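Trainee: My structure is below; once you've seen it, I'll send some questions.
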Ligand SMILES: *Cc1c(COP(=O)(O)O)cnc(C)c1O
């Protein structure tokens, strides 16, 4: 580009062009940028708003890929990170210890889902993103059985159809979203996939609970069929987020917990997306009254400021690695394991949950989201509106027919995305599913803008 061209471009256009010259964006067909797929340069952010170089505001209705909890640049978290950065920015966590890592582990264990009849989750292993956390949990479950030595056939995992657990090879192996998985299939380890309890798949006249019971029966058969071969089952409790915000009845989770116990299989709860209040309770498992053997947390863990993951494990799993031999130890590590800045951000986020009574405030916000969603449910091409806590999803299908789908070539979801963006709202549909997953600070007028824009975006996309 010549200097003359450069001079007549505005700031946003200049950043767009510098970006596309050097960046390769995540989860993007780069050929679509910028003509088919807009590229939004963000100069700063505050609360639920992303602010462009020209000062124009865009409402972040997807919490920047589900990580931003309380709001962008929340001053208390920003301050905690700054303070920590001046004190201890990073230290090797093998052989060293630091207060933020210890305190965060103590507090996570204290709030973790708990069944009175079970020994509680007792130990925390840190990783630095969600996929890495899943890898940790899978390796721990497998290695625990290796260490015990008496069940050498336990080498497989069970996961759910339409589930998502991240993009690294191990996490992708237990994921079931063809768009992300299919091309890499030859590289992946074999997992066993059980039917999803997804209530959207209920037969006509069947309740969500009935659908969940059917899926649990199918899981029971699979566990029988693979008796002695499975080391762990991994699932996203209550909401399969990347799979289109598909939701299921908590009865399924209770059945899964029982079945895992009967078959001696570890239950890994992936609360990377649904943890920290997203579903209305601090953790989704609470709504089923179940406690997993391994709990994976990330995304909102730091309030959305820094990458961090935590895997919570039972004492029994931890004890299975104690030995005189180093090989029986869990020799997994990441350079930034337990980074103090990320731990300080997570501690500040937990403080906000307490001081601002976030879960209680969210009940009112979620109720308002439900009211606003009701108006959109009546639109002709909306086949389903579903909600779990602070997540509302709109399933678009021609004529609102649950068994139909728009021609993929129509790019209905993409058209809705563009229409919303032009109106100052960042919705990022999953296929033809639009959803609201806003930062918890979203207020009444912002919710009204979100609802009005969603309605307009749907109308424009299906026109
Ligand atoms: C996002 C996500 C992951 C992966 O986390 P990354 O930090 O993106 O690697 C895993 N599981 C679930 C349920 C997720 O939503």
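Just so you know, glycine gets a Cβ as well, placed from its N, Cα and C.
Whatever TrEMBL says is automated annotation, not expert-curated.
Pasting the feature list from TrEMBL:
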BINDING   65, 164, 299, 333, 428  substrate binding site
BINDING   130, 131, 270, 334, 335  pyridoxal 5'-phosphate binding site
MOD_RES   299  N6-(pyridoxal phosphate)lysine
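Quick one: how deep are these features, and who are their neighbours?
Mentor: DSSP classifies residue 333 (substrate binding site) as coil under the three-state reduction.
The Cβ of residue 270 (pyridoxal 5'-phosphate binding site) has 31 neighbouring Cβ atoms from other residues within 10 Å, across all protein chains displayed. DSSP assigns residue 270 (pyridoxal 5'-phosphate binding site) to a strand segment in the three-state reduction.
Residue 299 (substrate binding site) carries a helical DSSP state (H, G or I). Note on residue 299 (substrate binding site): other Cβ atoms within 10 Å of its Cβ, all shown chains, come to 27.
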Trainee: Just counting, how many other CB atoms are there within 10 A of the CB of residue 428 (substrate binding site)?
Mentor: 19
Trainee: Please check each of the binding-site residues 130, 131, 270, 335, 428 and report the ones with a CB atom less than 6 Å from an atom of ligand 1, ordered along the sequence.
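Mentor: Near ligand 1, sequence order: 130, 131, 270.
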Trainee: Which one is it: of the binding-site residues 131, 334, 335, whose Cα lies the shortest distance from the Cα of residue 428 (substrate binding site)?
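Mentor: When the Cα distances are compared, 131 comes out closest.
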Trainee: I need the CA-to-CA distance for residue 299 (substrate binding site) versus residue 270 (pyridoxal 5'-phosphate binding site), whole Å please.
Mentor: 11
Trainee: For each of 333, 335, count the other CB atoms within 10 A of its CB; which of these binding-site residues has the top count?
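Mentor: Highest number of other Cβ atoms within 10 Å: 333.
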